[in-house]
């Protein structure tokens, strides 16, 4: 890589860092819309997860699948609640591993199209389920394409647009997931009055509304230029860069500079990673990045927020009416959407690390109060107080930990193994979900541990542990290019010093030649492609 290309890469990096958010929106709105369009697939995942939890208090669902509990009412036993949730999680793990290979081999776009096509077929199983084992099988199979969408959309969002839009596009995934939960709660709320089996089958049928429009979006979406450049398809990478902005915005020199910036980032990472694979995520600084991403994503389960997903089930057992409990649940999910929009206003002013730490501290306080309320004699006023605190807990999560998590796990991995790192991090999240799905229903169930809101003490403990880890290990990535983050990790800078450490990513390599086998191969491929085009012309 010549000095001229290094200079171009440096120019591209400086321009990207200096670009204001408003200018980035005006310029790269096309790429942003494609990223947001693909992320809408996460609405389907949130929708189904929301359905499953809400169905545990749905009269028609309980009539079809419930059994008589100790209080004489129909319920889904804690074992079956855990089994149904874990079936989804197991399918998601399979989908995650599949995506780690498929997106690297075939690209984000083709992998997305194949998974969405499979989604159309898998929806048939829960729609026509006649017993809990069949519903469990349907949840497992549905979980496979969801596992693909969970990480593919985050990695794509991190690579399709410039730094100024990274936090918004990656955290938009959280809006989609929350929107799915909200829509599910609204649909279940609207079907409570349907006494027949269609009261729970219709919500599943509505899932068929999504795949076809999303397939159209994926068909026209540009492939990630980073993936194309990594695989030697440089002319296609150039075209993909051009498609993210208005026609004529990028000159040939501008595109050259962005290609040089990607090559320079790959070069820094090649000091440790020769080939993108799941195994390379466990080597060198990639392992530190993987560890952080895994814990950061798992915190979403151990911060206590998932407890609010069972609020309708808990509040009904506390004496609130079904309608009131489901209405409160609806408000719970609407706060997740609102909170993400609030985060967008300060994510660049405050930084990811501080937002994450403050969010965990506030949630720990709220969980402690919920636990205390569980220790006093129960009444309708106490139940409403617990419900209000659950809303506050959800709002705190939505304004901090919830959306910022997606930005952190998208920014911290190296470009070479970004997709693989996100896959493994999400797998750790799913595993945490499996454990959580085993213990949370038992905490709340009248026939099991019957802790009620005292389970707030349990999540207070896990929250304190998570806060301690993030304080010492979670670095600040705000305002850093991928190359700068590579240098910081290579130099083993402590997490608390990431924000203040000055990085000269281009000067760091001035003393040694950058002509590596990787860059030589890419430049040779570009030369051959252009020569073939000239011959065809």
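Note: Cβ is positioned from N, Cα and C throughout, glycine not excepted.
Under the heading domain 'Major facilitator superfamily (MFS) profile', TrEMBL lists 34-478. Taken from TrEMBL, the feature transmembrane segment covers 27-44, 112-136, 172-192, 204-221, 330-348, 355-374, 386-409, 421-439, 451-472.
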Beyond the flanks of the transmembrane segment (355-374) by 6 or more, those residues with Cβ under 8 Å of it:
296, 299, 303-305, 343, 346-347, 382, 385-386, 389-390, 392-393, 396-397, 399-401, 404-405, 408, 451-457, 459-460, 463-464, 466-467, 470-471, 474
Who are the long-range neighbours of the transmembrane segment (172-192) in its own chain, taking Cβ under 8 Å and residues 6 or more past its ends?
35-36, 39-51, 54-55, 58-60, 153-154, 157, 198-200, 202-203, 206, 309, 322-323, 326-327, 329-330, 332-334, 336-337, 340-341, 398, 402-403, 405-406
Considering only Cβ pairs under 8 Å, which range in 27-44, 330-348, 421-439 makes the most contacts with the transmembrane segment (386-409)?
330-348
Long-range neighbours of the transmembrane segment (112-136), counting only residues six or more past its ends (CB under 8 A):
38, 41, 44, 48, 65, 80, 83-84, 87, 95, 99, 102, 106, 142, 144-145, 148-149, 152-153, 201, 204-205, 207-208, 211, 214-215, 218-219
Take the C-beta pairs under 8 A between the transmembrane segment (27-44) and each of 204-221, 330-348, 421-439, 451-472. Which stretch has the highest count?
204-221
Mean pLDDT for the domain 'Major facilitator superfamily (MFS) profile' (34-478), as a whole number?
87
Non-local residues, at least 6 beyond the ends, that sit with Cβ under 8 Å of the transmembrane segment (421-439):
81-82, 85-86, 89-90, 92-93, 96-97, 99-100, 147, 150-151, 154-155, 278, 281, 286, 289-290, 293-298, 300-302, 306, 409-410, 412-414
Please report, as numbers and ranges, the same-chain residues at least 6 past the borders of the transmembrane segment (330-348) whose CB is under 8 Å from any CB of it.
21, 50, 167-168, 171-172, 174-175, 177-179, 181-182, 184-186, 189, 308, 311, 355, 390-391, 394-395, 397-400, 402-404, 407, 478-479
